Amino acid sequence: MSSAMEVGTDSVQDGETNMVNGAEDSAEAADSIAELSGDLSSRPIRKAKRNLGKTGNHELGSEGAAAQAKKALPLSKNSRKSRDGRGRGLPKKGGAGGKGVWGKPGEEVSEDGHCKDSHDPNYDSASEEEYLIEEIDPEVTEDELQKVLEPAVLEYYENNSPQEFISSLSDLNLGQKKPKLVEFLISKAIDHKAAQCEMTSVLLSELYSQVLHHEDIMAGFTEILGKLSDLVIDAPHAPEVVGKFMARAVADDCLPPKYIQNDDNKSDCENTREALSKADILLTQKHGIVRLDNIWGTGGGIRPVKYLIKQMVMLLKEYLSSGDIAEATRCLTDLEVPHFHHELVYEAVNMVLEISTDRAADMMVKLLKSLDTSVIITPDQFNQGFRRIFDNMADICLDVPNAYTLLDKFATLCHREGVISKAILDDVPQRGRKRFVSEGDGGKVKESS
């Protein structure tokens, strides 16, 4: 028992000793912490950098993921891999890109010695014969075709030269636009008179042998038939004119006759049926093919001179009978011979001398004054007509003895109305007086001015 008490006493003493030592250690720790806090307070305070893309165990945000991916990628300057953080990490252009690289790895095995790249130092343009440069002529557009055809057609109406019109198309690649050429020519002729329609038919015949084919002309007529509903708004006679064009094209062997009887062309449009019916009637009439050569008539300078003179004489006689200046003007313009108007002036003056009445002279002056005011007859044509009368006065006097007196009176009236100039009036010829001298002078006839 005494031994147990001794052991208990010893343990108590050891515990007291440990408590004393612990107290001393805690005091020393407190002193060291105080010294450390003093040192830290004297240092500058800096904020620590934080990774905003990752917080604890949470998932990455969109900005954080992109930043982490960019940071994870290599930053090598000559790297041929994609740098935007996307893709499969393969080299760009399959490994064929980059400085000093002339192709993909392994291409040197199939090298045949020919350099196709003009930037290759081994490229020789003289040895590369497998490349041929061909000139490509693009097909003309509808706007370009219309810009060329508009002045060319108007010029053709003036000079009546099909070859010159064809030469204007030589620089164009019509391609699939050939039917548009046929459609444009016919639609343009519809707005003009019979003389221009005749010229258009002749032009289509010339184009068929050099530029167009059967298929192009058929397709062109199909397009114009489809547009008749719009054409009749400005030209009510369009179906009849198109029917005449089709019949004339058949007569000229430009259009096959089966095209007229083809059921595919017959539609519900009344204008289309009218045009096809007109062409069928013209082709089935007796001697129809022969008559189709003059289906448009003969107009302008194509007609004979005797025919034009006869028409002008009839025009003047009808005017003297009715006194209708408007009708006489219309008949003159319908002849379409502005270069031959001097014949009307000649016939008018000659008719005044033959009739020899004041009424005829006054009416002719009114007509010529109206034609001069409307510039239907130009001053050059007036001058040429009067000078022709001056030159033929010797023959006119055989039928009209007082022709010189009547001519001087009529020329004065015309000058007063401004039809002729003062120079023409001064050139009016005067009859020279003839007198016989005495017998002693030898019977000579002297002319005095």
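Placed from the backbone N, Cα and C atoms, the Cβ positions cover glycine too.
According to TrEMBL, the protein carries these features:
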type	residues	note
REGION	1-127	region 'Disordered'
COMPBIAS	10-20	compositional bias 'Polar residues'
COMPBIAS	92-103	compositional bias 'Gly residues'
COMPBIAS	105-122	compositional bias 'Basic and acidic residues'
DOMAIN	144-265	domain 'MI'
DOMAIN	307-430	domain 'MI'
Count up the helix, strand and coil residues in the domain 'MI' (307-430) according to DSSP, in that order. 100 helix, 0 strand, 24 coil
If you run through the domain 'MI' (144-265) with DSSP, how many residues end up as helix, strand and coil? 97 helix, 0 strand, 25 coil
Restricted to the domain 'MI' (307-430), the mean pLDDT of the model is 91
